[in-house]
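Mind having a look at this structure? Questions to follow.
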Amino acid sequence: MADRNFLSGRLVLLGTIGLILFLLPHSIALKEGDCEVCVKTVNTFVDTLSDEAKKDTKRIEDEFRAFCKKAKNKEQRFCYYLGGVEDSATGILGELSKPISWSMPAEKVCEKLKKKDAQICDLRYDKQIDVNAVDLKKLKVRDLKKILSDWDEECDGCLEKTDFIKRIEELKHKYVKTEL
């Protein structure tokens, strides 16, 4: 009887391990909207490569470094994570160049990169705020500051939320097109 319980316990353990191994690849796969910066940047970069360059991993890495010199904002941060800029702490460009040389789709490339460094998929583009469609009083001060920053404007002496709203209302006519 003891042997039977031992055997059934082993079967349950084996079944559980099998289920985990079966489901693991599905949990690593990208979901809709995951790695948006990675996917867009990889697609943009691959579109700049010639057919000949796409076959040579060393050339892909060199081209990526050149691509990163012109990158800004989130794309620049992506380059930093991969080692495409000079001040990068790490370098995993091989994880980008090899899959590209195999013509792997950007989503799959980003899946592989996510396994190496999860930060890569944490990058997200900032949402644009439609000043006409939103009630400024319901926004956070951080969002109000972002609106002004996007317009390259400042709010000197602004301390309260109402000060930021007042400044946005003053500048709105310069930056927001209203439809008749």
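For all residues, glycine too, the Cβ spot is worked out from N, Cα and C.
This is the feature table in TrEMBL:
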type	residues	note
SIGNAL	1-29	signal peptide
DOMAIN	34-129	domain 'ARMET N-terminal'
DOMAIN	134-175	domain 'ARMET C-terminal'
Over the domain 'ARMET N-terminal' (34-129), work out the mean pLDDT and round it to an integer.
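A mean pLDDT of 92 is what the model gives the domain 'ARMET N-terminal' (34-129).
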Could you give the number of helix, strand and coil residues in the domain 'ARMET C-terminal' (134-175) as assigned by DSSP?
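Tallied per class, the domain 'ARMET C-terminal' (134-175) gives 28 helix, 0 strand, 14 coil.
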When the domain 'ARMET N-terminal' (34-129) is classified with DSSP, how many of its residues are helical, how many are strand and how many are coil?
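Helix, strand and coil residues of the domain 'ARMET N-terminal' (34-129) number 63 helix, 0 strand, 33 coil.
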